[in-house]
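One structure is given below, encoded as structure tokens.
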Amino acid sequence: MTAILERREASSLWARFCEWVTSTENRLYVGWFGVIMIPTLLTAVSVFIIAFVAAPPVDIDGIREPVSGSLLYGNNIISGAIIPTSNAIGLHFYPIWEAASVDEWLYNGGPYQLIVCHFFLGICCYMGREWELSFRLGMRPWIAVAYSAPVAAATAVFIIYPIGQGSFSDGMPLGISGTFNFMIVFQAEHNILMHPFHMLGVAGVFGGSLFSAMHGSLVTSSLIRETTENESTNAGYKFGQEEETYNIVAAHGYFGRLIFQYASFNNSRSLHFFLAAWPVVGIWFTALGISTMAFNLNGFNFNQSIVDSQGRVLNSWADIINRANLGMEVMHERNAHNFPLDLASVEAPSING
């Protein structure tokens, strides 16, 4: 009997490319989102490094007073930054080919817009890639949902806030001191510390840190004993072993006695959902707060609302914050305007001594 073997027709180059992109056997999963993520993030990182080292000063306020941000122009790691695109450009799309020369593009802060736009695309695609890999492995999609919190925060400070304020020059500078400057000016102009959504974000971040530390220390301490009481419990384990070492019943009992019974989770899924949801929801709220303050819906300002029976103002901590805000607003962008908006109003605010 003769067997005839037919050679399978070689698949096309495109089919092989599609198979490689979507394969979960690769050391690093690429995915269709990765096809966009990889070049955009590489572009953002490359331009950031070059600009941080060598970019010339940028006319951020659009008043012909360039601000230096790179290492070669006198900065160090702490003071250096990618200076935001000039106020003279506003919200206009400003790629290299829109400028008369590369020198003009650099002077007007073109690299900032290039980095921010590519970075934004890259992190959105990273989130999509998380979902895509979860989908291909038959997992649920909550990893990408959790990652949406930092994506929302970055979108708020780099995209939404400049749109609301009318210029990319109001975006957050890409550097340490620049970030602090952004925070101080944001407080001066929007009173973010008195915004409930920022308060929820603080509770989310600090609460998440606390719960993470509590959970990690409790799991590390709740070992299933493999030794006699005369030996160290640690002697029964090897670092990185595959066998389960954690007893949730013991951990639940410990924590229930330390605080009270219902403060402790006895269900692992409920516990880990809580650990994920607490900081994620807090950061969502902060991003939402930044996005509303972008359009000048600001934090609470009680405007010296506590008065005695004679109508005299009784200063509260809120009034002290207001006074600090005025000082910070006076000091920023000193040459861009004669008076900050708050101080240029018809009636000067009373500070009562």
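The count begins at 1 with the first shown residue.
Using the three backbone atoms N, Cα and C, a Cβ is placed for every residue, glycine included.
Annotation comment: Swiss-Prot describes His118 as chlorophyll a ChlzD1 binding site, evidence class sequence analysis. Neighbour list (His118 (chlorophyll a ChlzD1 binding site), Cβ cut-off 8 Å, at least 6 residues apart, same chain): Thr40, Leu41, Thr43, Ala44, Val47.
What Swiss-Prot lists as pheophytin a binding site is Tyr126, and the listing cites sequence analysis. Secondary structure at Tyr126 (pheophytin a binding site), taken from DSSP and collapsed to helix, strand or coil, is helix.
According to DSSP, Glu333 ([CaMn4O5] cluster binding site) is assigned to coil rather than to any helix or strand. The Cβ of Glu333 ([CaMn4O5] cluster binding site) lies under 8 Å from the Cβ of Asp61, each on the same chain and at least six residues away in sequence. Feature annotation from Swiss-Prot assigns [CaMn4O5] cluster binding site to Asp170, Glu189, His332, Glu333, Asp342, Ala344.
As annotated by Swiss-Prot, chlorophyll a PD1 binding site applies to His198. Secondary structure at His198 (chlorophyll a PD1 binding site), as computed by DSSP, is helix. Cβ neighbour count for His198 (chlorophyll a PD1 binding site) (all protein chains, 10 Å cutoff from its Cβ): 22.
According to DSSP, His215 (Fe cation binding site) is assigned to a helical segment. Marked as Fe cation binding site by Swiss-Prot: His215, His272.
Annotation source Swiss-Prot lists quinone binding site at His215, Ser264, Phe265, citing sequence analysis. Counting Cβ atoms from all protein chains shown, Phe265 (quinone binding site) has 19 others lying within 10 Å of its own Cβ.
Look at Swiss-Prot and you will find Thr2 tagged as N-acetylthreonine.
The phosphothreonine annotation in Swiss-Prot covers Thr2 and is backed by sequence analysis.
Counting only residues at least six positions away in the same chain, the Cβ atoms of Asp170, Gly171, Met172, Ile290, Ser291, Met293, Ala294 sit under 8 Å from the Cβ of Tyr161 (site 'Tyrosine radical intermediate'). Marked as site 'Tyrosine radical intermediate' by Swiss-Prot on the basis of sequence analysis: Tyr161.
Take the CB of His190 (site 'Stabilizes free radical intermediate') and look out to 10 A: across all protein chains shown you find 22 other CB atoms. DSSP assigns His190 (site 'Stabilizes free radical intermediate') to a helix. As annotated by Swiss-Prot, site 'Stabilizes free radical intermediate' applies to His190.
Residues or ranges marked as transmembrane segment in Swiss-Prot (evidence: sequence analysis): 29-46 (among others). Only residues 6 or more beyond the boundaries of the transmembrane segment (29-46), in the same chain, are considered here, and those with a CB under 8 A from a CB of the stretch are 20-23, 114-115, 118-119, 121-123, 125-126, 128-129, 131-133, 136.
Annotation comment: Swiss-Prot describes 118-133 (among others) as transmembrane segment, evidence class sequence analysis.
Annotation source Swiss-Prot lists transmembrane segment at 142-156 (among others), citing sequence analysis. Within its own chain, the transmembrane segment (142-156) is flanked in space by residues 119-120, 123-124, 126-128, 130-131, 134, 276, 279-281, 283-284, 286-288, 290-291, 294, which lie at least six positions past its ends and keep a Cβ under 8 Å from the stretch.
Among the features that Swiss-Prot reports, transmembrane segment is placed at 197-218 (among others), with the record citing sequence analysis. Residues 251, 254-255, 271, 274-275, 278-283, 285-286, 288-289, 292, 299 of the same chain, all 6+ positions outside the transmembrane segment (197-218), place their C-beta atoms under 8 angstroms from a C-beta of that stretch.
Annotation source Swiss-Prot lists transmembrane segment at 274-288 (among others), citing sequence analysis.
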### Query
The record names His215, Ser264, Phe265 as the residues that bind quinone; what is their largest Cα to Cα distance in Å?
11
## Note on the structure
Tyr126 (pheophytin a binding site) sits from His332 ([CaMn4O5] cluster binding site) (Cα to Cα, rounded, in Å) at a distance of 36
### Summary
Across Asp170, Glu189, listed as binding-site residues, the smallest other-CB tally within 10 A is for Glu189
### Query
Which of these binding-site residues is closest to Glu189 ([CaMn4O5] cluster binding site) if you go by CA atoms: Tyr126, His215, Ser264, Phe265?
Tyr126
### Minimum Cα separation from His190 (site 'Stabilizes free radical intermediate'), reported as the residue among binding-site residues His198, Ser264, Phe265 that achieves it
His198
## Note on the structure
Quick note, Phe265 (quinone binding site) and Tyr126 (pheophytin a binding site): C-alpha atoms separated, nearest Å, by 32
## Note on the structure
Top of the binding-site residues His215, His272, His332 by count of other CB atoms within 10 A is His215
